[in-house]
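Visitor: The following block contains the structure, expressed as structure tokens.
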Amino acid sequence: MTRKYFGTDGIRGQVGQGVITPQFFMQLGWAVGKVLAERHADGGGLVLIGKDTRISGYMFESALEAGLIAAGVDVGLLGPMPTPAIAYLTRTFQASAGIVISASHNPFRDNGIKLFNTQGVKLADDVEAAIEHQVDRPMVTAERLGKARRVPDAEGRYIEFCKGTLPWGFSLAGLTVVVDCANGATYNVAPKVFSELGAEVIAISTHPDGENINLNCGSTKLNNLQKQVLESHADIGIAFDGDGDRVQFVDERGEVVDGDQLLFIIAAHKQRHGGGCSGVVGTQMSNFGFELALEALKIPFERAKVGDRYVIEAMNNNGWKLGGESSGHIVCADVTTTGDGIIAALQVLRALNAEAQTLYELKQRMQKMPQVMVNVPVKRKLNLEENDMVQTAIAEAEQRMEGQGRVLLRPSGTEPVIRVMVEGQQHGMVSQLAHELAEVVGRATS
């Protein structure tokens, strides 16, 4: 399907540029409302709107609200909430849809939206296509206007849901946890979840001002978390991104534990203590060491395209309940419908509790293969498969690794970059090849 507005993860861009304007968001809200009204007997029902902590979120919230109301749809306003919380609340309120205003791990100058259907799952391609078709039509106000209201205790509902995914009596008592909330949507929720389960919580990056979301903090900037874990002699550090659908850990030695390692810990726990793990979906970027570690436990593994939409699709096709990405998007489909940083973190802590080991000890069960990724900024699209210079460079890199590694080049679905990933047995060679390939890609797109 050729998309005009929607990317692999909704619509995203710099505020004030392209379609990231209040005018477009009002038109988009109206289009969403019209499509829902056509597909639901009750005329569109209720749509929930939540957001992260970007200052532009207020503007876009009001614009979407106006468009939806003009289409005759009622609106429930959740305020700042993690993306997975909005998916959960959409499902439990039996709302027609849920809308998230966020640009995830991007800086505050960016914003965008994600949409969930009534099951709390990202919209199907045909629904997005219908919305794109509608959004370009003249906006006509419905005969019956919708109404808007604030949703009471949305935060409390989600906190109780998170705690309820653990066995009765589960406790984090005696554990010191540093939680980095990226000055984003988890700033109020995450510390409460862990403290209410008994952990001693040291919360950092929990003072959003509208502009400091993801600024030198959160799951993409772990330096502060590593420092705080070591200085406070904490047992563990947990970092979320701006909208709370990604998570990364830091162990008691201050070492990063990424999404592949966290997925393996969860899968191994399910295999040993949870009645088995039917299979795990990773992505093209998943570390080969992750695949080998799962193979040793006889857990099936499949690679999907990058993007939680494709991970979930592969999970559904296989009937598996666990999948995710190296970046920390982890989907535990036995308890939720989308990537959820807090839920994934709780599953890791459950595994640590069962094994009675530290995170550093537990992660040793999976040996990562050296992997280097370089992001190459691009100003124009490049067909990688048809570019002779790029393909020659890839073939030469693979030949130099003598079949003991992987090369992957792919355009990002959320940023104007091409990601160059090289994986092999020797870090020095892997790093050299990755940067050489990045130079070739840079020349090809200049």
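Start at 1 and count along the chain as shown; that gives each residue its number.
Even glycines carry a Cβ here, placed using N, Cα and C.
These came from Swiss-Prot, pasted as-is:
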type: ACT_SITE; residues: SER104; note: active site, phosphoserine intermediate
type: BINDING; residues: SER104, ASP241, ASP243, ASP245; note: Mg(2+) binding site
type: MOD_RES; residues: SER104; note: phosphoserine
Visitor: Using an 8 Å cut-off from the Cβ centroid of SER104, ASP241, ASP243, ASP245, can you name the remaining same-chain residues around the Mg(2+) site, in sequence order?
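Guide: Surrounding the site, in chain order, are ASP52, PRO82, THR83, SER102, HIS105, GLY184, ALA185, PHE240, GLY242, GLY244, ARG246, GLY341.
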Visitor: Take the C-alpha atoms of ASP241 (Mg(2+) binding site) and SER104 (active site, phosphoserine intermediate) and report the distance between them in angstrom, rounded.
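Guide: About 7 Å separate the Cα atoms of these two residues.
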Visitor: Restricting to the chain of ASP245 (Mg(2+) binding site) and a gap of 6 or more, list residues whose Cβ falls under 8 Å of its Cβ, or answer none.
Guide: PRO82, THR83, PRO84, SER104, ASP308, HIS329, THR338, GLY339, ASP340, GLY341
Visitor: Just going by other Cβ atoms within 10 Å, which of the recorded positions SER104, ASP241, ASP243 has the emptiest spot?
Guide: SER104
Visitor: Under DSSP, is ASP243 (Mg(2+) binding site) part of a helix or a strand, or is it coil?
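Guide: In the DSSP reduction, ASP243 (Mg(2+) binding site) maps to coil.
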